[in-house]
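Since the structure comes first, as structure tokens, the remarks are kept for the end.
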Amino acid sequence: MSQQQVDEETPLLQPVQQKKARTPLPWRQFSIILFLQLAEPLTSQVIAPFAPQLIRDIGVTDGDETRVGYYVGLMHSLFFATQALTVLHWSRISDHIGRKPVILTGLFGLSISMYCFGLSRTFVGLVLSRALNGALNGNIGVIKSMMVEITDSTNLAQAYAYMPIAWSSGGALGPLIGGSLSRPADRFPNIFGHSQFMKTYPYFLACAVPATFSILAWVVTFLFLQETVSTRVTPWRLLKGQSREHSTPVKGPVTPTGSTDFLSTEDTPQRAKADDSKPLPLRSLLIPRVIIAAGNYAALSFLDIAFRAVQPVFFATPLELGGLGLDPPRIGNILAIYGVINGLFQIFFFADLHDRFGSKMIYSVSMAAAIPMIITLPIINAVARVQGLSLMVWAIVGLQLALSMILNLAYSCVFIYIAAASPNQASLGATNGIAQLGVSIARTIGPASATSTFSFSIKNPHHAWIVYYYLIALVCIGICMSLLLPRRLWKNHH
């Protein structure tokens, strides 16, 4: 870069470069994306309060309470195992045929699988329902790609601050629905007491609510969501081996912000070129910055879902076995309160915190907060053994939820890193797909490994702390991975 010529007219004090103002968010499309994103956490979290009781009811444990956690974790892991087999393909397909068809397919899969889950009376039926759910659902990476495509570098952090509102709302409403509407014939005998169907399928009503919501989200997506991929091919032409380089442009993608910059540390005028380029081959995407961003996302997700799988099982486990002995409605209320407060915290504080401290600092602090969060679990049990469900116990539960909110700040940071790691705009879906593949693998292993370790801990009193050592080891891995992240986002040279 050549230096500017200095003469007698050159001012001695250079003007301070002002910070670029935030571009307003495109609220019409942005709100639709948030609405349809609600379907996934709603369907995944609705089973959390009643999953332990469901496993007991179908008799797969033969009355062995210490095996409940193992089967609950296995049931959670099945969704992510099948998702890991398909999510990268869905994301890469969305780069060619568009985001909207893939999202519609995912919503359809969520709805059908949840209806099937509610009608399942055997563990095999539960397994098949969860597998179908994961295999047809590739929405996570695709929605994140759309989020980047309708924003720019000035308002992306603000957009990601709103993303947890969908997950938090789903995390709040899902457990509330699952805890309140499971076994309705017993809980509401005046309304459902005479329904043989509700007695035969006691968890169908709880599953039908998120399944029906997914249908509504499908309709909203079909009618109102606008495509963001500017050139695309039909699925039939893609099957014949023709990619976007053979396609013809359609109506331009939704860019309500009017921005011409792609996410980087500095706004660059090359986004038009990136938009016109074709998706890169998979091998060209496996570069260090994509691997680092995806690895941190996987480490964070592994830790988070392992803790989320242990938490409701811990709450449901009898006090004498190392848990808290709560019933499903109370567990649902705790998770619902956390979901609401977490969503509000992310909306009101993340964007400003990110502007002040940056992605690296917030991510590092969030990961470190997970260590005291995990240590609260055995402390809660120890205090409850002495005092019962006292005010002190609920205060420690509240502290645990507050630390969980800090941990969740890391998600928005890592999403920004992943968006910045994409080599070009046309490969954004595939880049998110690679990241989501690693996360799906981590989330496949996480719940089953964590709940199995918890079951082993309560079965062997001399090894009661093994599950907590395991979770803390996951935190240490995440902290080590975070050291690879740059302090400033990667620059995009395409």
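Every residue gets a Cβ built from N, Cα and C, even glycine.
According to TrEMBL, the compositional bias 'Polar residues' annotation covers 256-267. The annotation domain 'Major facilitator superfamily (MFS) profile' is assigned in TrEMBL to 29-490. What TrEMBL records for 244-276 is region 'Disordered'. Annotated transmembrane segment per TrEMBL: 68-90, 102-124, 159-182, 203-225, 286-310, 331-349, 361-384, 391-418, 466-485, in sequence order.
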Maximum Cβ pairs under 8 Å to the transmembrane segment (361-384) - stretch from the list 203-225, 331-349, 466-485: 466-485
Result, the transmembrane segment (286-310) in contact with the transmembrane segment (159-182) (3+ CB pairs under 8 Å): no
Ranked first among 203-225, 286-310, 331-349, 391-418, 466-485 for CB pairs under 8 angstroms with the transmembrane segment (68-90): 286-310
Long-range environment of the transmembrane segment (466-485) - Cβ separation under 8 angstroms, sequence gap at least 6: 292-293, 295-296, 299-300, 302-303, 306-307, 310, 359-360, 363-364, 367-368, 370-371, 374-375, 377-378, 417, 449-450, 453-454, 456-457
